[in-house]
Amino acid sequence: MNKQSLPLRGKKIIFAILFLLAFLERVAFDLGPNFEFVTGAMLLAAAYLGTRYSLTLVLVVMVLSDLTLGNTNIFLFTWSGFLIPALVASKVLTKAKNKIISGSFAGIATSLFFYFWTNFGVWALDSWSMYTNDLNGLLKSYEMGLPFLKMNLLSTILLVPAGFVLFETYLFIQKGLKENSYKRIVMLN
């Protein structure tokens, strides 16, 4: 089932569920530093709902959760660290034959991109004077970010495939229910 075959009402319900899971994990059920579901929600939206929904989901989750949690200028890198992969994932995942495997690899790629991009941002913006303005400072920023990368990859490896398996199972069940309904209608005629 592709994004075109989902009815608008179904897309809105899926969007709302993904939003609630990602938002609540960020603000209420924080499972640890960089253990998050924004990546999973973004990839599921990209694969099954399309680019517009995926980008909107990321923006709404990040804006509302950052208003709740607070943020600094790093938000420019944090938000774009999800938005850029959302654009790429929307193009790749909608065409993928095996969304579970493709989504899992896209999750790992997103985590790595997010790590390199946001740690570059921490170094570039360095308003706390933690790092020197040279290659050593940038490398130190990446070194200090490794524990966050570990947690982010862990959440991605656990949550992204689980999300895709659940969604594919739901679609499989829905397809079976529709086929059975069609068979019953044909048998009645």
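The backbone N, Cα and C atoms fix where each Cβ goes, glycine too.
Please treat TrEMBL annotations as automatic predictions, because they have not gone through curation.
Same-chain residues lying 6+ beyond the ends of the transmembrane segment (12-29) with a Cβ under 8 Å from its Cβ atoms: 6, 36-38, 40-42, 44-45, 48-49, 53, 56-57, 60-61, 64-65, 68-69. The annotation transmembrane segment is assigned in TrEMBL to 12-29 (among others).
Long-range contacts of the transmembrane segment (41-62) within the same chain, counting only residues at least 6 positions beyond its ends with a Cβ under 8 Å from a Cβ of the stretch, are 1-3, 6, 11, 14-15, 18-19, 21-23, 26, 75, 78-79, 82-83, 85-87, 89-91, 93-94, 96, 99, 102-103, 106-107, 110, 160, 163-164, 167. Residues annotated as transmembrane segment in TrEMBL: 41-62 (among others).
Annotated transmembrane segment per TrEMBL: 74-93 (among others), in sequence order.
The annotation transmembrane segment is assigned in TrEMBL to 105-125 (among others).
Annotated transmembrane segment per TrEMBL: 153-173 (among others), in sequence order.
Panel annotation: around the transmembrane segment (153-173), residues 1, 31, 34-37, 39-41, 43-44, 47-48, 99-100, 103-104, 106-108, 110-111 of the same chain, lying at least six beyond its termini, place a Cβ under 8 Å from a Cβ of the stretch.
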